[in-house]
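Visitor: A single structure is presented below for examination.
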Amino acid sequence: MLTGIHSRKGLQLVVGLLLGIAFGFLLQKGGVTRYDVIIGQLLFRDFTVLKIMLSAVLTGMLGVHALKSLGLARLHPKPGSIGTSVVGGLIFGVGFGVLGYCPGTVAGAVGQGSMDALLGGVVGILIGAGLFAAVYPKIQSSVLNKGHFGEITLPELFRVHPWAVVLPVVALIVVLLVLIEKAG
Amino acid sequence: MCPQWPPGSRRNARKKENRMEWLTMERWSPYAVGIGIGVLSWIAFVLSDKPLGCSTAFARTSGMIEKMLHGRKVLDKPYYQKFAPEIDWEWMLVVGVIVGAFLSATLSKTFGIEWVPAYWQAAAGESAAIRWIVALVGGVVMGVGARWAGGCTSGHGISGTMQLAVSSWLAAMSFFAGGIATAMLIYRVLL
């Protein structure tokens with residue numbers, strides 16, 4: 001673990017910027033900074049989004065778990081509950097279908113000159129985030145804590161070795177991608 | 001034909017051009033892009049001990065704007081005590097995404113001011129005002145949902161699912177369930 005590097009704040013800001021530039025470059029080259037491509041996925045007309053996400057998850061999962069096994073990285077699973085992951089996820093999904101970008105690709109869309117992303121998407125997400133901060137204390141103990149399960153991972157849930165989940169998920173993703181290619 | 005010196009330099013120049021051609025290509029294979037994003041996430045875990053994510057940066061920015069308008073008492077809000085309104089690694093990441101997409105679009109000569117996306121225009125007409133209002137409403141709902149779910153398509157959908165986090169698998173499935181239903185409603189029923 002490179003803990004010495006992790007604690008250097010200025011350096012981390014530069015690393016974040018450089019990773020972001022590479023991320024934005026890839027998103028734009030992949031076409032997912034375009035409304036048409038994202039809506040095409042949600043309408044099952046264009047499978048670019050799914051192809052990118054599944055190959056990113058496959059690559060990332062193998063690497064991150066290998067790094068963890070080697071002691072070079074640790075995992076940061078987000079905490080969750082039915083109230084946050086499912087209810088919040090569905091609200092996000094409605095926004096996703098209406099806006100046609102997500103918080104990462106909307107930034108990329110701004111970079112390629114999409115004005116609906118800049119004046120609509122970015123401004124809207126900022127307003128939405130502010131609204132959530134305002135209602136957060138009121139829903140924190142009720143909705144958000146419903147069905148709380150914490151920072152658990154699938155291997156922890158099934159009480160098995162992480163690789164016993166990683167390898168079947170890799171196989172599943174490969175099968176899905178082959179099916180998508182065959183259907184497409 | 002002009003003689004070239006040193007011999008073979010013309011061929012070398014063409015080789016170099018071919019090698020750089022991928023930078024000017026409009027689209028890359030989705031698999032190359034996905035693998036690239038996967039490798040970026042390894043680098044983020046090793047160099048920064050962080051998963052790639054984008055939506056927290058919007059919450060922090062929103063807090064910074066509120067702080068400018070209403071002063072320091074904004075910092076007392078419980079949510080901003082959890083996510084301080086300040087520039088951090090993830091905030092720089094999102095700024096980087098804008099820069100990276102601009103570079104990519106400029107290199108492939110696809111950068112251009114666009115008010116209404118083509119697919120929307122074909123179904124809903126060319127009014128930039130209508131598209132703007134719809135995008136704004138969608139953005140507000142997404143802003144609420146992203147913070148409600150504790151992440152977005154990158155934080156939960158890619159970084160969280162690769163870590164096999166239960167919260168992220170549930171959230172990612174909900175993102176797409178809600179998104180597919182909404183897009184179908186808009187394009188198959190309303191428009």
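Cβ atoms are placed via backbone N, Cα and C, with glycine included.
According to TrEMBL, the protein carries these features:
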TRANSMEM  B:28-47  transmembrane segment
TRANSMEM  B:89-108  transmembrane segment
TRANSMEM  B:129-149  transmembrane segment
TRANSMEM  B:169-190  transmembrane segment
Visitor: Take the transmembrane segment (B:129-149) and find every residue of the same chain, 6 or more past its ends, with a Cβ under 8 Å from one of its Cβ atoms.
Guide: 55, 58-59, 62, 79, 115-117, 120-121, 156, 171, 174-175, 178
Visitor: List, by number or range, the same-chain residues at least 6 past the transmembrane segment (B:89-108) whose CB is under 8 A from its CB atoms?
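Guide: For the transmembrane segment (B:89-108), the far contacts come to 23-26, 48, 50, 52-54, 56-58, 60-61.
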